[in-house]
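If you check TrEMBL, you get these features:
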DOMAIN    2-80  domain 'Threonine synthase N-terminal'
DOMAIN    101-342  domain 'Tryptophan synthase beta chain-like PALP'
MOD_RES   K112  N6-(pyridoxal phosphate)lysine
Amino acid sequence: MRYISTRGDAPPRDFEGVLLAGLAEDGGLFVPETWPVLTSAEWRKLRGLPYPQLAARILSLFTGGQPDEATLRPMLERAYASFSTPAVAPLVQIDHRTFALELFHGPTLAFKDMAMQALGPLFDHVLTRRGERVTIVGATSGDTGSAAIEACRDRSAIDIVILHPEGRTSAVQRRQMTTVMADNVANIAVDGSFDDCQDLVKAMFADAEFRGEVRLSAVNSINWARIALQIPYYVASALALGAPDREVAFAVPTGNFGNVLAAWAARRMGLPISQLIVGSNRNDILVRWITGNDMSARAVEPSHSPSMDIQVSSNFERLLFEMLGRDAKATAEAMRRFRAEGKMPIPDAAWKSACQVFRGFALDDPGTLEEITRLHGQGYLADPHTAIGIAAAMHVPPADPAIPVIVAATAHPAKFPDAVRQATGLEAPLPPRLADLYDRPERFTRLPNDLGQVESFVRAHIRRNTA
Ligand SMILES: *Cc1c(COP(=O)(O)O)cnc(C)c1O
């Protein structure tokens, strides 16, 4: 199994190479050279497997035997043992055709744990075997950072530095990152937006000298292994509701387009998924694209669903590459124009064919609170991201009422207590293992949106740990 860059100007790599590299050298994203496709009989055989075993089977389709399924299985069994339910990702019925796929039962209470808890051990396995070390840098609008830190803390082959936009994450999100006192963990609060943080990370990767010096790696959703580890829960939930003998649809609250891209990948692999419904908050670039082929970036506005306060959805590039018939030159040119002009030109034919699969729905903050209130009235307590996903499922469902809609429930309501309180009057309690979060001391460094200063900080952090 080999991986190629969406921009066509980087050498192909194997799974381990892609895992360690994150972004390709040409600024593109790695995608499988060919997609594994399963027959109906092969999908049926996966029914009823415990989640970690199913995940190991699916992941092994992307590793090309390195690591093999026998190595992955115990690794993933241990990784998902940190979840508070043995089901790992339980399905909860919301109404006659709508189901919440709860992806928030991991240590940091958001769906990022689904991939990240497995990614830490995967990195460790590969690095230890090779006798190497890496520095992981990542940008987070909230949940990626804490999930990455939980996955990498105290691992001797890894240093990790996470950038978050100062004041734009919830207090729970920030504290989940800044209260981890492991020596290999550092947090930077950047004076800027999430997109600024993401740009700083991309700029560090583009700085070849720095990249080599600190052996830079990424665990944000541009890392292919993250996407691969998000495919299994789409498979498991679809199988549970009757696939491959019945079509299903998914609704996914979206920011960086990673989670919904994993659903798209499951469809590409032959799972019968009729529709992918994208939910956005007021930062609705993806919905504007789906409903009118308008892919133009606007300023990022803060919302009740901060993990979706994003205008430049990095994983969209993978879909773009596929939509353009895997034409890397055209992909690189569209990305260049998006950078330069803030608007991505996508041919009408490509957009129309994507619209056969994608639906979009955006909800502002008042609408999000109303949806949380409505769902609470029906007996389901949803966080703002999940509420947007469920609202999208309700507003633009598949035409055929026999098709169930599975909503990715991406965060535990206790992670966004202010919105939940405003909408329901309830205090969603933190689970026991996080109950003292507000009493723990915090550690982070404030820096301006300046590449030179951020790079110096990363160097100093590593020097401290390898001295
Ligand atoms: C990260 C995140 C999202 C968005 O996921 P993407 O893969 O970036 O689209 C949605 N909800 C929550 C709670 C998240 O943490």
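The backbone N, Cα and C atoms fix where each Cβ goes, and this holds for glycine too.
Because TrEMBL annotations are produced automatically, they should be read as predictions rather than curated entries.
Across the domain 'Threonine synthase N-terminal' (2-80), DSSP classifies residues as 38 helix, 9 strand, 32 coil. Reduced to three states, the DSSP call for K112 (N6-(pyridoxal phosphate)lysine) is helix. On the 0 to 100 pLDDT scale, the domain 'Tryptophan synthase beta chain-like PALP' (101-342) averages 94 in the predicted structure.
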